[in-house]
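All remarks here apply to the structure that follows.
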Amino acid sequence: MPKAAAILKKVINLPIGGTGLPYVDAKNAQVVEVIPKEQGTSVSQPSTSRSIQVVNDEEKQPKFTYSIGLIFSLIGCVMGTGNVWRFPRIIAVTSSNTGSLTFLMVWVCFLFTWSIPLIITEYSIGRFTRGSPTIAFQRFMGNKFIWIGCWVSAVTFFIGAYFSVVVGWCLYYIYVACNGQELPATEPESRLIFENFTHTYWPLLCHAICLLICALAIFKGAKGIEIANGLLVPMQATIILIVFFWSLSRDYADVGIKFMFTADWSTLLDPKLYVEAACQNGFDTAAGMGLLSAYAAYFSRNTGAVRYGVFLPSVNNLASIICGLTIFSTVFSTLIQTSPTLTIPQIVAIMKETGPGSTGLTFTWIPVLMSKLGLMGRILCALFFICLSSGGLSSMISFLELTVRVIQDFGVSRRWAAITALILSFLVGVPSALSIDILSNQ
């Protein structure tokens, strides 16, 4: 119990009764030790045996300058390809032939019972320790548990290395949408474009371009992250809302919406539904990946971990719902009008198509669907991939930031930590850029 009390005190910066347990006096910027009354001293006083002076974070630690910059950065950390690309596909994969409401219900349940509590914990620990997950586990649980922080950081680093390749694909497809050539009208044509792209060195170049764009933010630290997300997140949100309202105005859009919110209660007996709902929450919110604790290192002591830990994941998952409605409305509306013989189960089967590296819906079918809408389709296709790219870049910045924080904890300067993180991310991502099979295995 004393150890648990000490951990709790460190997180919320409030004194809790107990013998010899230090807490941080944030107001006076010093460590205070609680002394029992029976020793004839005051209840709390600055510890003489532990004359540790805590440097005021407002003066020494970099932090986000504005509340809106903080909000954009935290949203940018988690809102990206998981919302726009993965979420609609997972809804389709877990649905029956009659609807997918049960997945949404379980998904929302996991948000409040798993993701949000974990996010609040990450924010609180990151705000207190001002370091990476490696430092956080070492300070809160001792040297024996430092390997947990190392493991979390390593796994997230490897995810980020191949995620950069995927963001590079999104950047390339902006070119596909804007190069003046006709968009593919059939599935085989669209697959051929993607296969020709992945069998060249273009993915490697796009991988490098993605990292170089992110480097502009990473080298500047908190200020650079704040500026980058201040540009990328509003751009992404604006595009999402424009395409969302357009999709709702389409004929037969209501068929896709009705399917999305129709329940097939028998699917609640399928264990896969719960696994996918939990995994999607991880992709949506980045809970447990260490990204949020790295950003929380830039919090001020007055930043509310609970307030942001509840509000931002809720907003992020609302964005996922909007993206799901947009994709379902567009797909159902377009296919019903252009291929009236298709049944609803056949349309859902198209949405379930994964393709190489789970690219079926995004890189195969989106260009095909948009080709059926003429000039408006080309504009929407470009906007879609600009939105996907901006979301991917804002998320990739957080992956790199975590790696930089870990390297900095070993005493390396910010500049060299950023250079090292970029080089390592590029090298580890090279196999995925050169082989779609390697990326698919990850």
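Each Cβ is built from the backbone N, Cα and C atoms, and glycine gets one as well.
Taking the Cβ of N83 (Na(+) binding site) as reference, residues of its chain lying under 8 Å away and at least six apart in sequence are, in sequence order, D284, N316, A319, S320, C323, G391. Mapped onto three states, the DSSP output places N83 (Na(+) binding site) in helix. Positions annotated as Na(+) binding site by TrEMBL: G76, N83, N316, S395.
Residues annotated as transmembrane segment in TrEMBL: 64-85 (among others).
As annotated by TrEMBL, transmembrane segment applies to 105-125 (among others).
Annotation comment: TrEMBL describes 145-175 (among others) as transmembrane segment.
The transmembrane segment annotation in TrEMBL covers 200-219 (among others). When Cβ-Cβ distances below 8 Å are used as the criterion, the transmembrane segment (200-219) is approached by residues 164-165, 167-169, 171-172, 225, 227-229, 392-393, 396-397, 400-401, 404, 414-415, 418, 421-422, 425-426, 429-430, 433-434 of the same chain, each at least six residues removed from its ends.
Packing against the transmembrane segment (231-249) from elsewhere in the chain are residues 72, 75-76, 79-80, 84, 257, 319, 322-323, 325-326, 329-330, 333, 380, 383-384, 386-387, 390-391, 393-394: each is 6 or more residues past its ends and has a CB under 8 Å from a CB in it. Annotated transmembrane segment per TrEMBL: 231-249 (among others), in sequence order.
According to TrEMBL, the transmembrane segment annotation covers 318-336 (among others). Proximity of distant same-chain residues to the transmembrane segment (318-336), defined by a Cβ-Cβ separation under 8 Å and at least 6 residues beyond the stretch ends, is recorded for 79, 82-84, 87-88, 91, 104, 237, 240-241, 243-244, 247-248, 250-253, 255-257, 259-260, 284, 342, 344, 347, 350-351, 361, 365, 369, 372-373.
The transmembrane segment annotation in TrEMBL covers 379-404 (among others).
The transmembrane segment annotation in TrEMBL covers 416-439 (among others).
Long-range contacts of the transmembrane segment (105-125) within the same chain, counting only residues at least 6 positions beyond its ends with a Cβ under 8 Å from a Cβ of the stretch, are 11-12, 136, 140, 263, 268, 273-274, 277-278, 280-282, 284-285, 287-288, 290, 292-293, 296, 299, 305-306, 308-310, 312-314, 317.
Ranked by number of Cβ pairs under 8 Å to the transmembrane segment (145-175), the listed stretches 64-85, 379-404, 416-439 are led by 379-404. Around the Cβ of G76 (Na(+) binding site), the same chain contributes A228, N229, L232, V233, G391, S394, S395, I397, S398, each under 8 angstroms and 6 or more positions distant in sequence. Of the listed binding-site residues, namely N316, S395, the sparsest Cβ surroundings within 10 Å are found at N316. Within the same chain, residues 76-85, 132-133, 153, 156-157, 159-160, 163-164, 166-167, 170-171, 173-174, 176-178, 183, 210-211, 213-215, 217-218, 225, 228-229, 232-233, 235-236, 239-240, 242-243, 246, 286, 289-291, 294-295, 362, 366-367, 370, 373, 414, 417-418, 421-422, 424-425 sit at least 6 positions outside the transmembrane segment (379-404) and bring their C-beta atoms closer than 8 Å to a C-beta of that stretch.
In sequence order, I75, C77, V78, M79, G80, G82, D284, A286, A319, G391, S394 are the residues of the same chain, not among G76, N83, N316, S395, whose CB sits within 8 A of the CB centroid for the Na(+) site.
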